[in-house]
Protein chains: 4
Amino acid sequence: MGSFRGHALPGSFIFFTGAWWTAKCILKYACKKHKRTSYLGCKALFQRIEILEGIILICMALTGMTGEQFVPAGPHLVLYDHKEGQWVQLLSWHHFTMYFFFGLLGVMNILCFTISSLPTSLTKLMLSNAFFVEAFIFYNHTHGREMLDIFLHQLLVLVTFLAGLVAFVELFTRTNVIVELLRTSLVLLQGSWLWQIGFVLYPPSGGPAWDPNDHDNIMFLTICFCWHYALTFIVIGVIYAFVTWLVTSRLRRFCPSEVGLLKTADREQESEEEMRF
Amino acid sequence: MGSFRGHALPGSFIFFTGAWWTAKCILKYACKKHKRTSYLGCKALFQRIEILEGIILICMALTGMTGEQFVPAGPHLVLYDHKEGQWVQLLSWHHFTMYFFFGLLGVMNILCFTISSLPTSLTKLMLSNAFFVEAFIFYNHTHGREMLDIFLHQLLVLVTFLAGLVAFVELFTRTNVIVELLRTSLVLLQGSWLWQIGFVLYPPSGGPAWDPNDHDNIMFLTICFCWHYALTFIVIGVIYAFVTWLVTSRLRRFCPSEVGLLKTADREQESEEEMRF
Amino acid sequence: MGSFRGHALPGSFIFFTGAWWTAKCILKYACKKHKRTSYLGCKALFQRIEILEGIILICMALTGMTGEQFVPAGPHLVLYDHKEGQWVQLLSWHHFTMYFFFGLLGVMNILCFTISSLPTSLTKLMLSNAFFVEAFIFYNHTHGREMLDIFLHQLLVLVTFLAGLVAFVELFTRTNVIVELLRTSLVLLQGSWLWQIGFVLYPPSGGPAWDPNDHDNIMFLTICFCWHYALTFIVIGVIYAFVTWLVTSRLRRFCPSEVGLLKTADREQESEEEMRF
Amino acid sequence: MGSFRGHALPGSFIFFTGAWWTAKCILKYACKKHKRTSYLGCKALFQRIEILEGIILICMALTGMTGEQFVPAGPHLVLYDHKEGQWVQLLSWHHFTMYFFFGLLGVMNILCFTISSLPTSLTKLMLSNAFFVEAFIFYNHTHGREMLDIFLHQLLVLVTFLAGLVAFVELFTRTNVIVELLRTSLVLLQGSWLWQIGFVLYPPSGGPAWDPNDHDNIMFLTICFCWHYALTFIVIGVIYAFVTWLVTSRLRRFCPSEVGLLKTADREQESEEEMRF
């Protein structure tokens, strides 16, 4: 993974997963609001989507795992070189383990939505575990590297840990769109931050890497991290607008009279909620 | 911001925001208690207040952002000086980013209270984010400074982080006046502590700054921080007394007979609550 | 406070406060179980007890505050010696500030149970604040001391912080006897640990203090801390047995026929609870 | 405990306890699902099981405590050697204290399920305490040892602390099978990790111990820890399948007609739950 592409590829993967989760979460929220019309169709649809998601996650994890193992410089499934008396390519094995846990998440997704006796919150638990394991591995990943490299990975650990924490908290609260969006915003941030790491450590322009001992670089990356975070909110806002427009327009096409009714109902419900303020 | 005024101005701004939030929160609590009389009027009023608050927050954030950029020693929107090969005035950019997130909070305040389909707890999330971002930036803000300076800013990070944490916890609990007051007390503390930082690092009397390596100064500032915190309780107590008096007297003026009834009802409700003790 | 007595006195005070809170909490639990008979009398009684507790807390805090200020070596209300250009007896001012916050707790106790419009959970908030302030001050209290001294105070900070945390968590949960007992067990532990600190740093037998640089002492104090904690459970068990016996026997004296009925009712309720297991 | 057997024995004990708790928790979950048929029999059965568990825990704790004290190199109940002026075998006393707290848990188990007036969540509190005490002692256990040894024990502290934290969180949530399984997975991990520590520090093959200063060993143990965690999920999956099969087949044997009905009922309930998604 010690290359620009090695950071940009998983970064893109995580970013699009985050964007997809955001869309799914907003879609569910919007469907719930328009419950009376399209809900029953949604239910079966979402179940199939979850299983599909599981399959995609497993495919991605398998790709990542084989990629880490069988690139030319990879360990080729050898863990310990008995001749040399040393471990083989432990950093690749680290990435391999991370992918493995995301694969487990995919397996659990499929199991929970096909076997009806399993509680569906098991997927939340596995998601939280996958993030915690990732944070734990990245935390022990940067021994002996430069200050700048360590700082970049520490921020990655921070955002991964927070994503795991939010997923863990979701185990205990009833479904809450705000908390789910917070989690997906952290996943988006993780994806875009991997791109940033690639840009800083392996500039794709071919120019020299940033000075790893200049503290000003760290000062800049601190605010750069915050800007990335602000960006994720814009991404979420765009997805929100798009999904809401989609749900509303699709409803209008099929049952235009009902939308007017729903809007009134929504506003009533909303005003009830605000009563509680 | 490296001056007394540079700490006192944001300090005053944050202190008054905190005082206003305290007043609003107590007003809501008092209105809720007298629900049967003035509640419906309150609801529309509070919605307008929230939008107004959003506008004021945006104005303040814009002022802060332009101020940081266009003061004589500011970066004038230049981030990287290609000639010198170094970053320009990163500390100003730090402050700029903090103001930006408070501006986002203002935008979200306006959006949530005008677009009815957005959940109002989004403002809580943005508030919590704004505090966390502030804590994160201040945490990476004091590299290479003196011990006293670092200690002062660490306490600021502590109080900002706690304010963000309490705002985050509020996402999960039903409205609870105690928790809201705890949050506003931390905001007040943050404002008054910024004044204290100004006094210690840039004495307005023109005298010499405090000895940054004398550990006794840190010992004193530890308890000074606690006294500031005790002060915020007195401020909250005064606001509480004032707001309660206002609500009661205003009610008495319009419908004196009803107040007697309400008081009896209050006491009954209270005694029911104590039954649970 | 640099003496055996200076640690044993506040230790005893905190231990007895903890024991009293344990007894009160178990008494409430027992009264609640026997709700149908003696509850209404209890309610008014507990309100008076809270006010009395507030008065006692204020007296204790005032005693502590004046004691810290006006002992021969105390600061006599002088904070800064302008002649010498140095702070006066900051450690005494630290203790003074801690006592002050416990005094605030007493004031809040009285206010909340006399003014009916104040929510009673304010006392919980003040309690949690008092513990957090104490933990914060002790954390910044031991600069430049020996390893053993620092370790002893770190454990004190730990237990105080945990007591504050549990009191804070209580703000969000409905009354739960287990959590209250956990808090009181931590208060008891804090009290008995202050005794231990006195014994280690200022042996009352007049013998030499423990070797502050022998790491074995720290290894021993680690388990000693756990034994103190086990001790608090025994104390709580004894108080539990005593209070339960008191409530039952007092009930038996006044209305012996009813006790039999209650026991049956209890068992039924219990079995219902276990149904949920 | 400084031997392979000294780590493998408690490791096996903890692993089997974890496996048993997993089975019990899944059994309860399965019984609850089939509530209408076998529940009343279950209730009395589980109560007896809890008491039996308490007795076994006490026996194990007593064995551990006497073992630590009376092995040839043990302290034989002597805490301080006045002749030599030093503490005797503090590491054995550390282990002794840990066992003692697990013994307390056993005592509490018996008390809570025989005395009906005690709340059953006291056992949860004691469980959480036992784990926290264990984490606290291990945290202060490895002074002056090699880097590898410290790292191995730090991971043990991490997993023990997390198990305590999850048990503590369970105090506040209504019974939740996912959270219970998370706790048991951490207990299983703790057990298997103790085996790993034994293998690394005292290789049973008689070969030389691992190089304690080679950082690659730490890099490997990081992912090894994650693999152990993945393993616990497989163990839990096997137990889940076995217990579910047992409950279903036992039901089918006694009341075959009812199983069909139950399955339909389950599916209905499940679909209701998914309605909430």
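Using N, Cα and C of the backbone, Cβ positions are placed for all residues, glycine too.
Annotations in TrEMBL come from automatic prediction, not curation.
Among the features that TrEMBL reports, transmembrane segment is placed at B:12-30 (among others). Outside the transmembrane segment (B:12-30), and at least 6 residues removed from its termini, the chain residues within Cβ reach (under 8 Å) are 42, 46, 49, 53, 60, 177, 180-181, 183-185, 187-188, 190-192, 194-195, 232, 235-236, 239-240, 242-244, 247.
TrEMBL lists B:51-71 (among others) with the feature transmembrane segment. With a cut-off of 8 Å between Cβ atoms, the residues of this chain six or more beyond the transmembrane segment (B:51-71) that come close are 1, 10, 13, 20, 77, 92-93, 95-96, 99-100, 102-103, 105-110, 113-114.
Among the features that TrEMBL reports, transmembrane segment is placed at B:91-115 (among others).
According to TrEMBL, the transmembrane segment annotation covers B:122-139 (among others).
Per TrEMBL, transmembrane segment is recorded for B:151-169 (among others).
Long-range contacts of the transmembrane segment (B:181-202) within the same chain, counting only residues at least 6 positions beyond its ends with a Cβ under 8 Å from a Cβ of the stretch, are 2-8, 10-19, 21-22, 25-26, 148-149, 152-153, 155-156, 159-160, 162-163, 166-167, 170, 209-210, 217, 221, 224-225, 228-229, 231-233, 235-236. Under the heading transmembrane segment, TrEMBL lists B:181-202 (among others).
Beyond its flanks by at least six residues, the transmembrane segment (B:218-243) meets 18-19, 22-23, 26-27, 30, 147-148, 151-152, 155, 181, 184-185, 188-189, 192-193, 196, 200 of its own chain at Cβ-Cβ distances under 8 Å. The transmembrane segment annotation in TrEMBL covers B:218-243 (among others).
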